[in-house]
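A.B. asks: Handing you this structure, nothing more for now.
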Amino acid sequence: MAISFNFFLLLLLLAGSTTAFPNFFLSPSFYSNTCPQLHGIVRSAMKEAIRNDTTIGAGLLRLFFHDCFAGGCDASVLLDDTRASVGEKTAPANKNSLRGFEVIDLIKKRVEAACPQTVSCADILALAARDSVGLLHGPRWNVRLGRSDATAAEQNAASFSLPGPGSSLPILLTMFAAKGLDARDMVALSGAHTLGRSHCSLYRERIHGDSNIDPAFSAALRSTCPLGSGNATVTAPFDRTPGRFDNMYFKDLVAFRGLLKSDQALYGGSLVDPLVEIYSEDNAAFGRDFAAAMVKLGDLSPLFGLPGEIRLNCRKVNA
Ligand code: HEM
Ligand SMILES: *[C@@H]1O[C@H](CO)[C@@H](O)[C@H](O)[C@H]1NC(C)=O
Ligand SMILES: *[C@@H]1O[C@H](CO)[C@@H](O)[C@H](O)[C@H]1NC(C)=O
């Protein structure tokens with residue numbers, strides 16, 4: 001029994017990078033002739049945005065994930081609802097909690113002024129997510145560029161592809177595997193919850209019902225997030241250092257202080273316990289795996305040229 005369990009675990013861990021393959025159309029130097037100012041514009045805008053609101057980096061990192069999981073990294077998540085089509089912003093996993101659209105609008109305006117009709121919203125989002133992590137003391141990586149923007153939103157894709165706060169480990173593994181992301185990618189990417197916060201409605205059940213939770217941790221949260229409907233604006237940080245990109249998320253999981261059921265599902269008699277333990281002890285290993293997994297995430301079904309477009313306003317398709 002023990003042998004076959006370990007063997008399965010080994011297969012899971014060794015599945016490695018064979019599932020997703022790099023996309024040959026994307027390249028870090030895609031705009032080096034057509035918009036050499038691009039990287040500087042995005043980075044300085046992100047610096048400014050984070051100076052204005054230290055929590056906004058979390059919003060942009062999450063936006064990128066939600067864009068890529070709903071039909072590929074094609075800026076479909078940025079589209080506003082129109083009379084003719086309901087966008088992704090109101091899909092269950094996104095409703096009322098995605099943030100950072102104004103920052104993308106501002107960056108897009110500056111990029112359009114420097115290099116008109118050249119850089120896609122999808123690429124701007126990929127760069128903004130990378131710079132958010134880097135500016136908050138996390139790893140940096142080369143962002144592969146050259147995506148074009150979707151001409152329609154994909155609300156259905158957003159609804160069935162995105163995991164929820166109650167997802168179990170098998171569900172999480174299955175949803176990421178459906179995108180060519182293995183267990184190691186999934187655990188490393190979940191470490192994005194080192195940044196940001198969750199609303200009370202999404203962790204209420206866990207802090208009032210779960211047994212795999214540090215009792216002091218749940219008791220402290222229960223006072224501001226009681227059973228029943230309560231105050232809808234109450235939030236709690238995912239880890240003890242929500243403004244810093246570090247491995248505290250994994251240290252907190254090992255201490256049974258995961259905020260969502262889906263967070264704690266990664267640790268405590270789970271198949272991926274060894275990965276959580278490695279990341280909790282080795283911030284550099286986490287940073288390396290996170291960066292590699294973000295590149296893979298960014299390779300999900302990008303569009304090239306037609307039928308995509310270089311949107312002029314990230315919120316709506318070109319007329
Ligand atoms: C593994 C499955 C995942 C689940 C079930 C999940 C679920 C959630 C939920 C429920 C929230 C709270 C939303 C709110 O109340 O406003 C959240 C926030 C967040 N998620 Fe995830 N997420 C997952 C993976 C990821 C990944 C892969 C990334 C990025 C690479 C990510 C980045 C974030 C960030 C940065 C926040 C904080 C947002 C903010 O403070 O505005 N998540 N996630
Ligand atoms: C930062 O705040 C200033 C003042 O409110 C505003 O003009 C500017 O556009 C903001 N910058 C970003 C990147 O959000
Ligand atoms: C709800 O919670 C927020 C943030 O914690 C607080 O600022 C606000 O006063 C609360 N509102 C009510 C009605 O208790």
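Cβ coordinates are placed from backbone N, Cα and C, and glycine is handled just like the others.
Unlike curated records, TrEMBL annotations are generated automatically.
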A.B. asks: Which of these links to C115 by a disulfide bond in TrEMBL: C35, C200, C225?
C.D. replies: C35
A.B. asks: Of the candidates T151, T174, T194, which does TrEMBL annotate as part of the Ca(2+) 2 site that also includes D239, T241, D246?
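C.D. replies: According to TrEMBL, the candidate sharing the Ca(2+) 2 site with D239, T241, D246 is T194.
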A.B. asks: Please work out the mean pLDDT for the residues of the domain 'Plant heme peroxidase family profile' (25-318).
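C.D. replies: Taking every residue in the domain 'Plant heme peroxidase family profile' (25-318) and averaging pLDDT yields 94.
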A.B. asks: Using Cβ atoms only, which residues of the same chain lie under 8 Å from C115 (disulfide bond) while being at least 6 residues apart in sequence?
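C.D. replies: Non-local contacts for C115 (disulfide bond): Y31, T34, C35, Q37, L38.
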A.B. asks: If you count Cβ atoms within 10 Å of each one, which of the recorded positions R62, H193 comes out on top?
C.D. replies: H193
A.B. asks: Would you mind checking how many other C-beta atoms are within 10 angstroms of the C-beta on C121 (disulfide bond)?
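C.D. replies: Excluding its own Cβ, C121 (disulfide bond) sees 30 Cβ atoms within 10 Å.
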A.B. asks: Among C35, R62, C68, C73, C121, C225, which recorded positions lie by ligand 1, judged by Cβ under 6 Å to any atom?
C.D. replies: R62
